[in-house]
Ligand code: ARG
């Protein structure tokens, strides 16, 4: 007797696999052949070798996602830095032959035996102010992402999931008190001018991000999307954009202690109401593999007019401290008048405390070098 699950004579595909003649496999093969002709510096291009592709092209997750759902953003946007997303939680495991090398390269020093450590916020007061004289740092911002337990990720969410999750998040946020107390604004109800103003002021996410669009993450927009903020706009939460939740603490100047301690307070409070998803190896679960682990991006907007004159050298120094340089208006933008967004690059494999210290140490070094150049 043959084993029906494994036997090739069985016409139906086994669980977790498509039949090799499935139309979806053909489409994947064509797309992969086309991608081979295209120039791209993405990690997708680097790590989706023929061998990895052949191993993964027939796989399906328990929510029905295929390799196409993982890679389509990178296929459509060859200028991607990374190029892949997890259409559902199971994808990180089913497509590990692709995710693992990408994750290990992006999050420098996270090797194949590593498991993300337990949460450790550390002591916010130890961080201090990055620029007490206010000469370089314009503003400081720290964000983290959370997925809510029991809900799928963007490409596998229904409109009902979005609306239901928004209500749940809104309810949890409405119970915040003191400095964190604020109001939730649903995008569905927001007029276009207010929305644009919030985007221009760097408070709100932009609409129609082409990387997310291609990953099927903007479906049913603006349903279930929105923003919460306190009166001072120093604590904000994005609802159902790239991740279920983005919790953000920000203020003018370089007081890292203040910004971080507010974030820690907020996340700790929200966690009393909402259960977050964690992956057994990758820590807090996010839609994009660059955000796994602590999910923390701690950044400053700062002026480095001298250092950035030699842009190659500037990014080289930043890299030495595991920092990432982005343009003034964030990801995929240019620096304007020597103002850059500098943040920690890796978020996985080290604790929250270590991540924020990594950003602090690197930024202090950049400031020191900028000071020296200005003194010359
Ligand atoms: N998919 C885009 C790329 O590969 C964005 C990656 C990181 N950014 C993010 N918002 N998840 O360039």
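Quick reminder: no glycine exception, Cβ is built from N, Cα and C everywhere.
Here the domain 'Phosphagen kinase N-terminal' (24-108) has a mean pLDDT of 98 out of 100. Marked as domain 'Phosphagen kinase N-terminal' by TrEMBL: 24-108.
If you look up TrEMBL, you'll see 136-373 marked as domain 'Phosphagen kinase C-terminal'.
According to TrEMBL, the feature ATP binding site maps to 139-143, 202, 246, 297-301, 326-331. DSSP assigns residue 326 (ATP binding site) to a strand segment in the three-state reduction.
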List of residues, in chain order, with Cβ under 8 A from that of residue 139 (ATP binding site) and at least 6 apart: 250, 251, 252, 253, 300, 301
Residues satisfying Cβ distance under 8 Å from residue 142 (ATP binding site), sequence separation of at least 6: 248, 249, 250, 259, 260, 263, 296, 297, 298, 299, 356
Least Cβ-crowded entry, counting other Cβ within 10 Å, from the binding-site residues listed as 246, 326: 326
